[in-house]
Amino acid sequence: MKKDLISNDIQLNASGKLVHLLGLEGLSKQHLTHILDVADDLLDAQGNLKKSKALDDMSVANLFFEPSTRTRNTFEIAGKRTSANIINVDLANSATKKNESLLDTMHTLKAMQIDMFVIRHKQSGLPHYVAENIGNVAILNAGDGINAHPTQALLDMLTIRQYKKNFESLSVAIVGDILHSRVAHSGIQALKTLGTKDIRLIAPEGLQYESKNCDTIKCFTDIETGLKDCDVIMVLRLQKERMMEADIPNEQEYFDNYGLTFERLALAKPGAIVMHPGPINRGVEIDSSVADGEQSVILQQVTNGIAVRMAVMEILAGKS
Ligand code: CP
């Protein structure tokens, strides 16, 4: 499915209220800011997570058809911290292995009185298809193919806001395999919606997503030029699972040309933060000491993922 054919229209009801979270296209600055504000309220002054009773009458099912460490576990923790009954559906041992269709599986789970489905799938648009075909259940997209990863983008925005306060004046560089990255696609949308004036996409030509420059977005093949004086650097891994074997770059060559080293980080503003959605491939897209260095906020992104996922579930449940 082509990315630009996937519509998020059904995620808002006639009153403009969020009823699914499928992607960030179509959501206003007010929608995004509200999610970030609710997430902020779920963190105390030290950045520790609070608990809520918001979903104590609800059941949430995690359906991860693709591997995940961060998203799956933080959704589970977020569900528990909002007092939901959360079920991790064991897809490896489910009736999908006996050729039950995806929709039949979803209808079966719905009959178990599940209120929300969290879905990760390799096929772009799969959560949208489920949302269109199953009524009265909220669908949360936890990453679909190369299309979107909305809660990752929201946790990234929360992290940026914690350090940089406003988006308008920021220069944000996204470095790496942008073409295959649902994180980048949702992140670019979030940055645009929140008013970021200078978004820089740094990638080898074969891994660029936006081929056209516009007022807000500038593409770079040269990392040194792209990083100059930026406030935020978001590093992406090579998503080999979405590449043809012949297109996979040589890792050493890639690191030499695009790896984030301390020398390259020094080209950014002194207070620049280093982000990465994970999983990290040390020595490929980022030097290990940069990933663990003082400017890295990578593990804070993980914690923020819980607050953002709690916030989204509360909002979809009509509790925030
Ligand atoms: N960032 C991210 O989606 O990580 P996982 O694949 O571990 O969920």
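Counting begins at 1 with the first residue displayed.
Placement of Cβ uses the backbone N, Cα and C atoms for every residue, glycine included.
What TrEMBL records for the carbamoyl phosphate site is Arg70, Thr71, His149, Gln152, Gly278, Pro279, and among Arg120, Arg242, Arg264 the residue it adds there is Arg120. Taking Cβ-Cβ distances under 8 Å and a sequence gap of 6 or more within the same chain, the neighbours of Arg70 (carbamoyl phosphate binding site) are Pro277, Gly278, Pro279, Val302, Gly305. When Cα-Cα distances from Arg182 (L-aspartate binding site) are compared across the binding-site residues Thr71, Arg120, His149, the shortest belongs to His149.
The two recorded residues Arg120 (carbamoyl phosphate binding site) and Lys98 (L-aspartate binding site) have their Cα atoms spaced 20 Å from each other. Residue annotation for L-aspartate gives Lys98, Arg182, Arg237. The furthest Cα pair among them is separated by 34 Å. Among the binding-site residues Thr71, His149, Gln152, the residue whose Cα lies closest in space to that of Lys98 (L-aspartate binding site) is Thr71.
Close to Gln152 (carbamoyl phosphate binding site) in the fold, though at least 6 residues off in sequence, lie Thr71, Gly143, Arg182, Val183, Ser186, Gly187, Pro277, Gly305, each with a CB less than 8 Å from its CB. Taking a Cβ distance under 6 Å to any atom of ligand 1 as the criterion, the binding-site residues Arg70, Thr71, Lys98, Arg120, Arg237 reduce to Arg70, Thr71.
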